[in-house]
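Visitor: To start, I am sharing the structure in question, which I have written as structure tokens.
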Amino acid sequence: MAKIDIDQIGALIQKQIEDYKADVRLESIGKVLSVADGIATVYGLSQAILGELVELPHDVKGLVFNLEQFHVGIILFGRTDLIKEGDNVRATKKIFEVPVGEDLLGRVVDPLGNPLDLKGTINADAYYPIERPAKDLMHRGFINEPLHTGIKVIDALVPIGKGQRELIIGDRQTGKSTIAIDTIINQRGKNVICVYVAIGQKDSTIANLVKLLQIKDALDYTVIINAGASKEATLLYIAPYTGSSIAEYFMEQGKDVLIIYDDLSKHAVAYRELSLLMKRPSGREAYPGDIFYLHSRLLERAGKLSKEHGGGSITALPIVETQAGDISAYIPTNIISITDGQLYLEQKLFYQGVRPAINAGLSVSRVGGSAQWKAMKQVAGTLRISLANFRELESFAQFGSDLDPSSKRRLDRGRKTVEILKQDVHELIDMPSQIVTFYALENGFMDDLNLKQIRSLMAEIEQGLSLNETGKKLRKELVEHKAIKDKALMELFIDHVRRFI
């Protein structure tokens, strides 16, 4: 029998002890107490922080939404039907993040950043938290560059600047989304990235939008985040924050971004649903007390950075749906007070055939005027007052009273102004064409024309600025100086195109 070498065994054990590396991980694990309606109540995550990402079985993710004394409330993303009582929940000590980067351009994704368009995986340049603080006051710059929509009534009366937050508000089926989509299409060739956040929209609507943007060559610079009407309230809730994080990535690269939130009424309803399920105290219209903060922290992330910090910008166009034209309701008044102005679409105007149905009296742009071209201010500066006077005179004239010649001229000019401001869907007008049209109106070149001839003249102006030598020269001057320097050239061109109607 071989003799056992005690020393050798002792040395071997000693070496094993020295080579042993303890791989101890300290994890925070909780247990699901109850789960229903995309909400889980979890016991045991005593160190959880608000907004933290947690992991559950079956690759389901969660976001810490409520902190109670003995448990936490978590909103779930993924196959929530597979989660059951007693399942483990692991805290990650990470804030909820989404992929951002150039690879998202031209893609349709869900609010988690997963592709929905069957075009393959997305290679992220970085991962941003969905909740990020708004840029510091000292990092911001002045809003002094215009963001042209191609819609005459907006560019002339309610101009939008890069970095502005302009609310689009009105009843359903009045053209709110159409204005937003036309603005995206008008950014073609202008080096502006567009982010469209669809909240509670039908999937067929988004499919049609993708086709339209492809036809208009606008998809390549657009990111679409779709939280469809059939999705859980949890996805609808995080969708605008995901869009804002994607937009911030491009802004920090020094680029100009346009973001559309369509619409924040449905976002508020989704948040109300989650809050009520979490048994939070409800207030006015059953919304929770922090509903204002929900939207203020989102919209404050838009703005323009100073040149020292890259000079990028995020222009936000949130959309809100009203009921029976009531803009004094809770959510509309909240968002009106947060934004830098609003475009109010009126159902009455829409049914009268005035489209886009923007009520110039109730619409305002608080900061866009500082970004507007000087040429547009020269020709459309008095247009808002003239239009208001026309509306007043028109209502007076309905009584059949005899009008003096001056009032008849004002009435005729007003009707022509309304006709000029009408615009078909996706029929976008560039700035030089708009300026020449308003110059012709203000200086009497349309006084002897009927409405049909005015439509013909507008078409000739747009065509002449691209084909006619005088028109090309005028266009170049307007684009370079952004002001009317040579009135003789302007009037020569208008006289020339008038011959063709």
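Going from the start of the chain as shown, residues are counted 1 onward.
Using the three backbone atoms N, Cα and C, a Cβ is placed for every residue, glycine included.
What Swiss-Prot shows for this protein is this:
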BINDING   G170, D171, R172, Q173, T174, G175, K176, S177  ATP binding site
SITE      S363  site 'Required for activity'
Visitor: Excluding G170, D171, R172, Q173, T174, G175, K176, S177, which residues of the same chain place their Cβ within 8 Å of the centroid of the Cβ atoms of the recorded ATP site?
Guide: E321, L345, Q347, F350
Visitor: Hey, of the binding-site residues listed (G170, G175), which one tops the CB count within 10 A?
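Guide: Counting Cβ neighbours within 10 Å, the top one is G170.
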Visitor: Within its own chain, what residues at least 6 apart in sequence put their Cβ under 8 Å from the Cβ of Q173 (ATP binding site), listed in sequence order?
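Guide: In sequence order, F350 meet the Cβ cut-off.
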Visitor: At 10 angstroms around each C-beta, which of the recorded positions T174, S177, S363 has the fewest other C-beta atoms nearby?
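Guide: Among the recorded positions T174, S177, S363, the sparsest Cβ neighbourhood within 10 Å belongs to S177.
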Visitor: List the same-chain residues at least 6 positions away in sequence whose Cβ sits under 8 Å from the Cβ of D171 (ATP binding site), in sequence order, or say none.
Guide: E321, T322, Q323, A324, G325, L345, Q347
Visitor: Which secondary structure state does DSSP assign to R172 (ATP binding site), in the simple three-class scheme?
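Guide: In the DSSP reduction, R172 (ATP binding site) maps to coil.
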Visitor: Tell me, how many other CB atoms lie within 10 A of the CB of K176 (ATP binding site), whichever protein chain they belong to?
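Guide: There are 25 of them.
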Visitor: Measuring CA to CA, name the entry from the binding-site residues G170, R172, T174, S177 that ends up nearest S363 (site 'Required for activity').
Guide: G170
